[in-house]
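Taken from TrEMBL as is:
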COMPBIAS  B:851-872  compositional bias 'Polar residues'
DOMAIN    B:52-433  domain 'RNA polymerase beta subunit protrusion'
DOMAIN    B:200-381  domain 'RNA polymerase Rpb2'
DOMAIN    B:460-523  domain 'RNA polymerase Rpb2'
DOMAIN    B:560-621  domain 'RNA polymerase Rpb2'
DOMAIN    B:642-675  domain 'RNA polymerase Rpb2'
DOMAIN    B:689-1061  domain 'DNA-directed RNA polymerase subunit 2 hybrid-binding'
DOMAIN    B:1063-1147  domain 'RNA polymerase Rpb2'
REGION    B:851-874  region 'Disordered'
């Protein structure tokens, strides 16, 4: 496997993945979309909201703000796994939004008005929890936070006299749970720009080439010639174009994705290696509901008259 | 220019074009086509700016308030007394004041409609009259006496909102896009729908069910409304009217009207057409046979049979001769709209003769029958007319009561003070006020006086979406009964082109009977007749009374009639009509007066009555449009407005009848030498609802109809004041978007400012099998990000009452439980006993903790002494199964000085499985599956669709417009422009394809996508792009229902019915049949009895009646008692039968 980065920008990475299976490339893509942990506002406590937007509306908007989540995979716990009582610096970031419009002009409330709040929390045994070491300074801040030339994210508009007093708790999570925890906005992925493998069928009126424009990735490959393509030919080169929300650095994202993939594979390997009589997972008696436990798995015949061994439950 | 017209516009002309180049003048070369009027559609926004979408309602109401009221007063101006002949009271003037609030203690009386909405009040203004009456020997004049209150139509000229700018409207908490045209009565917004009916005072020739030809006229004047017929029976012609017992042979009728010579009758009726004479002779014979030769004989004959006049003669008077009754009947009741002045029956006789002639023509040639469904024969009755009828009725009642009261006082011989009728006037009570309020809030127009009995005239303005409110204002309901299975009135009429929307009609029973106005229509109000008559005579019309039948029916003679009344004849109809129109175009005649020639009837008809639909058109003279680009430029610059086009004679209004006289070119290219008019824009033939559809001209027509119905259910923004409103039910979309592909109509009606939908990235492909039967697949990440998210607000309101016995309800704070904690149920409450804004409430949580006195209805207690120590809880609690939040709380007083508490509860909902969505092409579907983003297919740019739609939705529906919408939308997204899908125009597919090609896409909008699950390229291509999707109000959350055990009806002990009562699901007859057929007898028994209304009863085997406690009260014994199971309903039946002296015996056998 080879990764060749073609371009790297602050919120975008374009690379070629070579010498890998389609399955692996797609797994990487899926992980990039769904499995990378980031920080996002998850709990919003509204003390005062006299804006025109209702509480849920503002909470939803706050949740969608990408927060800088560098290194949150290692240094931050999932809130559900954390030792603390409610939330603590090890599993969350607290932000607040306190703003009141006092001028006749409308105030535009943006992600720039969010401020990080220090938090003090104890664990179950009453010890003070220290903040994790090694987090970057801007950890948990919204993207483009007070940056020249970059636009913050509009949250709301306030008229004279209207006020927002909001306390937010950002937690770690993954996109599978909610899209706000996704570090990517679009993951493009392409192989075989010339369609040499005939995976797809281009419908055309007169001329295929004229009617179906080639993608930019076609420059990377030789145009199809008359040489035959083997029956077993498989795609081996994949052109990725990943657009990030800004929560994670594009480079980190790719590295993390690979790590996550390894993790997942390791999980499967571990699970496959486990003995049958271990609790839960591999015990075939528990796999099929309502099946009478019996002394030998091989004796079992299920409702369809198929032995359990053939049914594929006996993993030993 | 926003959009390419269908008309060929050669190179666009810009200021920078080099016209100094030879052969290039102002960007034009000699070979270029003659320049067309660009942007003539700009007239449309100008039209809507001056007229507005619901101008017809407002105009009609204004006409009522400004003109009709005065006419009614004038017609009923005098109140006299039977007791004192010297007394009189005369109304001299009437006017309607400004809307006022009625609170006694208010300093500022002015009221906004929004206050009326919130406080459940009526937005009404006082009606003030000026009177002149006698007090003893004096004549007293008084002004400004209030006699009642008139509900004010919003945005009418009595409404405070009329002519206000956006800022002022915002201060009044009113939406500038709200069209007005409705009333606020007891806090609800009520619309008086436009009613369609046959035109009044016009002859309609038709056949009765027995195929006999008859001519009918519905006469309608201020004094009287009646229907007269000239009907045929056995080939003979009769005059028929309700007030005459028998059908009057037509010759008798004519003789009674003073046409005594048979020859003259024949001439008047048949002219010199031998054919008609032939058919008519039999009638003359009949009169001969009856022995009626003279006018007197005819009058005696009719008088003996007339019904109505008899009653009017009081017992004190001498009995009137019979023939006078006949004169009375003929002059004022039969054909009441034809005036009989000084007993000059000539006009009426001629009118009858013309009717007879039309009948004869139809008898000879059935092509001469009229078409009832022709839009030109219809009149639309608007709020103003209905209110004016109502007021007339109420006012007459008011006068009647007043007279009775005055008589009562004057009857008393000795009075301490001189009688002043003013007090009686003030005493009148709120008869008029309550009459208006009752009629508008119930919709029952029952005016016995005018033989009017109509229900369902008013409707609650639907505020589901902006479009539904707007659609309601343009709706027209027909008087035709829905149950009759006739297709004629329901069918699309060619004459409704441009007047009524061809797409917007409901499906089902009201199909074709409920219609909608097209975009650029106007409904006329009455215009004074007299000046028009004068103009006609000046234009050379000869008075009809001076003519005999020979002149009347000459081939070259055209009868001129005004509003159905014959006023004269002309030999030069074309010249007359041309001159008439010239006068109208120059503003000497009202612009809404129409004139046309009917060559079949040899007549020129002028109409100035109200209720005609008309629309503006550009005048074409000598093959050139009178509106030129220069005019449009001035219009764009704001130098002139639409009215200037009218006054300058560039544009004129044509009604349906006059349209038949015009030769209208649809586009400028179509203008020929004979063209008289040019359409302003063809897309205006659609209404407001159909105008939302992009590319409707590419769709199968029923799809457009479906969308018209569905657009009204779409959730979106409803008005700028939506968050200030407390409506029973309010659906709002969290992130509404204006459509990528819009239409000019969308911009004109403001749908882009108050949209109801979102632009979804749609992939047309099959996915997973959960998309069959129009189901949609939604992307979970899209839902996370806010796609289809909506808020549902529901009003919970309660009254804190004061009771007549002096007790009153109270609000209590939350009780504290035994453990010292406020129970969960009461936790949302604040100390005032009402839930605080922003609090979360769960099912059954208390929102308003009201307590009522237990002796509230006990009137034996004196006020003030009421023992108010005992109160019982009457809390208002939250009903929905899903938690909600208190959005706002309103505490206020109503008109009846009761305290009103309204709480608005809000839920925010994200789409879930089973929620209903629809595109703008009548393609609805429910969400079948929500898929994680990673599993979604994606294209080479990493775009995953928001919605996947199954391609099977296309072939049978043929909604090509949807495909073009996608294409235009995609091009627009790429290019960063909003595209147009205006009907008969819009962005062209070729252009859109070019944009796609230029940006590296397939020209057809198709893309190859990759499976998100396997990573493999799809073998097929996918149609991918944005389509505007609406979320419809039908959501699973509001419909889901299941029950195991639950409440039962008291009487039958069977499970209750319906979701709202947590009812059971009925196992109906068909289901029962299926189970029986299958042989599942025990299942039937279980469903029908055990799980329903099982009852154990003791039955006496001796007498067969039911007993109790193993005892039979009939036999007074405990012997032979068996306990059996029967449905409770059966037990009930037996008892009911017993109660009516039927003795059902239950005889039992041993069970095997």
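Cβ atoms are placed via backbone N, Cα and C, with glycine included.
Remote same-chain residues near the domain 'RNA polymerase Rpb2' (B:642-675) are listed as 5-8, 36-37, 40, 43, 46-47, 49-51, 374-376, 495-496, 498-499, 522, 524, 577, 581, 584-587, 591-592, 594-597, 605, 607, 612-620, 623-627, 631, 635, 682 (criterion: CB distance under 8 Å, separation of at least six residues from the stretch ends).
For the domain 'DNA-directed RNA polymerase subunit 2 hybrid-binding' (B:689-1061), the mean pLDDT of the prediction comes to 91. In this chain, the domain 'RNA polymerase Rpb2' (B:200-381) lies close to the domain 'RNA polymerase Rpb2' (B:560-621): three or more C-beta pairs between them fall below 8 angstroms, excluding pairs fewer than 6 positions apart.
For the domain 'RNA polymerase Rpb2' (B:1063-1147), the DSSP-based tally of helix, strand and coil residues reads 35 helix, 21 strand, 29 coil.
Sorting the domain 'RNA polymerase Rpb2' (B:642-675) by DSSP state (H, G, I as helix; E, B as strand; all else coil) yields 13 helix, 7 strand, 14 coil.
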